[in-house]
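Chemist: Here it is, the structure in full.
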Amino acid sequence: MKLTHSPQSCGVCLQADNIKRPESCESLTVVQHSPGVAHGLEITSQGPTSIEKASSESVKLDCQFSLAPVDSGPLDIEWSLLASDNQKEDKVVILYSGDRAYEDYYPAVKGRAHFNSPDPKNGDASINLTGLKSSDTGTYQCKVKKAPGIRSRKMLLTVMVRPSKPRCSTEGPTQEGKDVVLRCTSSEGTNPLQYTWEKTSDSKILPASAVLDPVGGTMNVRNASISSSGTYRCTAKNHVGMEECILQLGITPPPNTAGIIAGAIIAVLLALIIIAIVLFCCCRAHHRKKYEKEISYEIREDVPPPKSRVSTARSFTSVGSQRSSLGSMSPSNLHEYALKPQYDKIPSVEEYDRPPSHTPLPPPVASKIAGRNLSRMGGIPVMIPAQNKDGSIV
């Protein structure tokens, strides 16, 4: 049915079906088409209006249309990406006008958007998008215009990123009786991501105490036992792909705490003993060096005097005594002079090295004779320096 109207001065209106005549205004003309007569431009695509694709894949956005003889104007086809915010303008992606295609309208899809048919005026306004990116996600509108008809179709495209290879790890001590957390994380992938854990070794049954978190990707094994050891596999997946990782879990018996404490105590005691020995050796070496420094300034009795000083003193004594003796020599006292002790004689090396206690003493008679006849013989008294036990002059 088609409704037309024209102004009338008399205010007469025609009524058809459920259309009632208003009291005043315009007359309505109702034109009803018989079955089989074309209604004009129509979009004939019946495919889904929501599509999910993985990144780097290609997609076809379908837009089929049909024309009628009443559509006599020029054909224009326009694909645009609708703005999510009403305050922003829509982005024209690709355009067909004047029997020519314009494919480089939108820089974000430049070189990746093409009409599916080389001649879209034949009724195929579909386009192909290649090398999909996550930024291509949005609502696309196909608008076909051929005067007087205008028709459009909207499609929601969601470009999803496949999960990247997840990383499997453990948190907490892997000891018997402790809680162990198995974690699985994928750094890339469009939500919603789902994580699943399964055991691939031994009985292939998860521990009874395991608590799974399919969104966070964790499995908490409470009060882990030796039977919890084995190989586990985590799978991360979304609507467009999946990836997995393998984790080897080994539960060990608890450590011997008493043995560790005893070993620590022994190690501390050994360290203290070593430190004490080092300190004792250092102190002893310090005292020894100090004692040697002090004793070097003392006169030791068992050390012989310097030879140069003794020989010089004795040489002067010997020269003086020889001069006095030779001056008073006579035949009468020559034998007495022979018996006189030889104090002016230079000692030999054996006598010098001999200890004072073993040096022979002169006969007492000769000493007395030398004392009585000293002045009578014309000798000059000479003072002999006194010596201590080790032969040093005092």
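Numbering starts at 1 and runs along the chain as it is shown here.
Backbone N, Cα and C define each Cβ position, glycine as well.
Automatic, uncurated: that is what TrEMBL annotation is.
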Chemist: Among 33-53, 159-179, 348-368, where does TrEMBL put the label region 'Disordered'?
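Modeler: Within the set 33-53, 159-179, 348-368, TrEMBL attaches region 'Disordered' to 348-368.
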Chemist: Looking only at the domain 'Ig-like' (35-158), what are its DSSP counts of helix, strand and coil residues?
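Modeler: Per DSSP, the residues of the domain 'Ig-like' (35-158) fall into 9 helix, 56 strand, 59 coil.
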Chemist: If you run through the domain 'Ig-like' (163-252) with DSSP, how many residues end up as helix, strand and coil?
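Modeler: The domain 'Ig-like' (163-252) comes out at 3 helix, 45 strand, 42 coil.
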